[in-house]
Amino acid sequence: MSSLSSGPQDTGGSSSSSSNGSSGSGPKAGVADKSAAVAAAAPASVADDAPPPERRNKSGIISEPLNKSLRRSRPLSHYSSFGGSGGSGGGSMMGGESAEKAAAAAASLLANGHDLAAAMAVDKSNSTSKHKSSAVASLLSKAERATELGAEGQLTLQQFAQSTEMLKRVVQEHLPLMSEAGAGLPDMEAVAGAEALNGQSDFPYLGAFPINPGLFIMTPAGVFLAESALHMAGLAEYPMQGELASAISSGKKKRKRCGMCAPCRRRINCEQCSSCRNRKTGHQICKFRKCEELKKKPSAALEKVMLPTGAAFRWFQ
């Protein structure tokens, strides 16, 4: 019995010892495995932290290795919210939702595009309508300005015509007629004065002014005023003084040359006539240079000045 009992005890002791041995050897093996793993990981980390060796190609350019982040890159499935084993059902749901969102975004963009096109068309139509309205307004303003200018021109012409009519009336009222003066002038001159007031003359712009065109003598050298006609204005009011003044002026004052006849146009003396030979005694002009009008009497010159207005400058004919 003892042997039999010892047998199981031995067997149990051996089993317990073996179990203890195994249990005791188990922690040791785990520690050894951990130390081996740490030893294996340490060189790898050291190798990662150590600067990579420089590699140069044939031309001497340094070719650096890839970055650590690129070497440790992970696939896209690692960053997805649904795991790979989490199912293809979740992926299909996500794909359907994204497709619906993309379709809705495309539809909204299309609607916005249509709205933008419609707004641009409205803006263009508004701009064209504004341009047309501005052009019409400018044309209307130009037309109004033209009508205003035309009205102003007509008004100025009417005022000018009225002023000329008033001036003519004033001259007719204040100009003493030859017949009313009774100063001894012939009836022909009174008729000439009436013609000057009522009819056309050689000087249309002087018809409203009491100026006789016969007072002016036209020559190639210029326009001169007749000396004997200077006293015509005083003949009507002071006839005796006018006659005396004309007699004195014709006797003492020197008359001018006409400048139109052939003797007046000559510039050189003949040196053959008596006037040229006796220049010291007579102080006369060359006979071939004497004016034909100066050869006539002063009274004849006065009569020619008193010609009617319409027949002015008749002595040149």
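The backbone N, Cα and C atoms fix where each Cβ goes, glycine too.
What Swiss-Prot lists as Zn(2+) 1 binding site is CYS258, CYS261, CYS264, CYS291. DSSP gives CYS261 (Zn(2+) 1 binding site) a coil state; it is part of no helix or strand. CYS261 (Zn(2+) 1 binding site) is surrounded by 16 other CB atoms, counting those within 10 A of its CB over all protein chains shown.
Positions annotated as Zn(2+) 2 binding site by Swiss-Prot: CYS270, CYS273, CYS276, CYS286. Its Cβ placed at the centre, CYS276 (Zn(2+) 2 binding site) has 17 other Cβ atoms within 10 Å.
Annotated compositional bias 'Low complexity' per Swiss-Prot: 1-49, in sequence order.
As annotated by Swiss-Prot, compositional bias 'Gly residues' applies to 83-94.
Residues or ranges marked as region 'Disordered' by Swiss-Prot: 1-96.
Swiss-Prot lists 252-257 with the feature motif 'Nuclear localization signal', giving sequence analysis as the kind of evidence.
The zinc finger annotation in Swiss-Prot covers 251-292.
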Residues near the Zn(2+) 1 site, CYS258, CYS261, CYS264, CYS291 excluded, by Cβ within 8 Å of the Cβ center?
ARG257, GLY259, MET260, ALA262, PRO263, ARG265, GLU292, GLU293, LEU294
Centre the Cβ atoms of CYS270, CYS273, CYS276, CYS286, go out 8 Å, and tell me which other residues of that chain have a Cβ in range of the Zn(2+) 2 site.
ASN269, GLU271, GLN272, SER274, SER275, ARG277, LYS287, PHE288, ARG289
To the nearest Å, how far is the Cα of CYS286 (Zn(2+) 2 binding site) from the Cα of CYS261 (Zn(2+) 1 binding site)?
15
C-alpha spacing of CYS291 (Zn(2+) 1 binding site) relative to CYS270 (Zn(2+) 2 binding site), in angstrom:
15
